[in-house]
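Peer 1: Sharing a structure below in structure tokens format, with a few things to ask.
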Amino acid sequence: MAAAAKPKNLSLVVHGPGDLRLENYPIPEPGPNEVLLRMHSVGICGSDVHYWEEGRIGNFIVKKPMVLGHEASGTVEKVGSLVKHLKPGDRVAIEPGVPRENDEFCKSGRYNLSPSIFFCATPPDDGNLCRFYKHNAAFCYKLPDNVTFEEGALIEPLSVGIHACRRGGVTLGHRVLVCGAGPIGVVSLLVAKAMGAAQVVVTDLSAPRLSKAKEIGADLVLQISKESPQEIAGKVEGLLGCKPEVTIECTGAEASIQAGIYATRSGGTLVLVGLGSEMTTIPLLHAAVREVDIKGVFRYCNTWPVAISMLASKSVNIKPLVTHRFPLEKALEAFETFKKGLGLKIMLKCDPNDQNP
């Protein structure tokens, strides 16, 4: 009787600008504190596409072939000798950032700021758009039975929204402005509502994206065309009847950041989530004299347990974010679809035996 064929580890690998390939990698062996995962669902992020198109994001440069993907969930296939809280068959969501050392940022609970952190699909670290992947077990979180694999993968972008709303201090009764109706804008909207925001207004250039934001839960939407930042701020105030206490800027566009400063209530907070140009011109004096606090966001920290609780309790519904699904074998087609700006969140299905959500 012929031996069963050994499974292959099909992986999506970027080699440099414009050079994206599907290749078979060796199946990794987990270390003592790691687990081997059979990947199930992995979302495509704008950073994945940027590494494909440009070969770099800022100082993070693709210098050797790198597996893409960091919005992920899967099933435990094998556990390391020291792993006690997980077992084969457990369904897990993966937090992609794992501290390499217990530095000052880890000690203060802000491990996302550690300069030596491992992060999936950030050069030189491989991601998890593949069939099999090993990860630190402490950063793999069991999914409740009522949370799907796709929801587990979406915890990564949801975590950005949680971290942004925490940084902004969103609480009961707040009016919140979200600039940008892409995936991060939409999760920021959902989290703001879950944290008690009374009204959330979302702005964007795209009418279809605003329609989706409205469908998902935005109280008000504003399509931007050729207005000045001051005019946009005036329209936001007109819609809400007052200036928002918190603005979450998810585009990184200079004009949108300017509008965010003008729009935010005196004494309020502007949270910068979107990454744009390194040098940006903003009306800083306008923020200073009105005590508008400007806070940055870099990824997230300490968000996965909260996100899982929100999903399990149905406090947020992120399922409508997924608009396209592709098997891993069609990853190149999926990336082209993303590049064309079609849909909201594209999900790649990595397990050939289970293509369900």
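Every residue, even glycine, has its Cβ placed from backbone N, Cα and C.
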Peer 1: Need a hand: Swiss-Prot gives Asp204, Arg209, Val273, Gly274, Leu275, Val297, Phe298, Arg299 for NAD(+), which of Ile162, Ile184, Ile232 is also on that list?
Peer 2: Ile184
Peer 1: Sort Arg209 (NAD(+) binding site) into helix, strand or coil using the DSSP assignment.
Peer 2: helix
Peer 1: Which three-state DSSP class does Glu156 (substrate binding site) fall into?
Peer 2: helix
Peer 1: Taking only the Cα atoms, work out how far Ser225 (phosphoserine) lies from Arg209 (NAD(+) binding site), in Å, as a whole number.
Peer 2: 14
Peer 1: Quick one: what's DSSP say for Gly274 (NAD(+) binding site), helix, strand or coil?
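Peer 2: Note: Gly274 (NAD(+) binding site) is coil by DSSP, not helix or strand.
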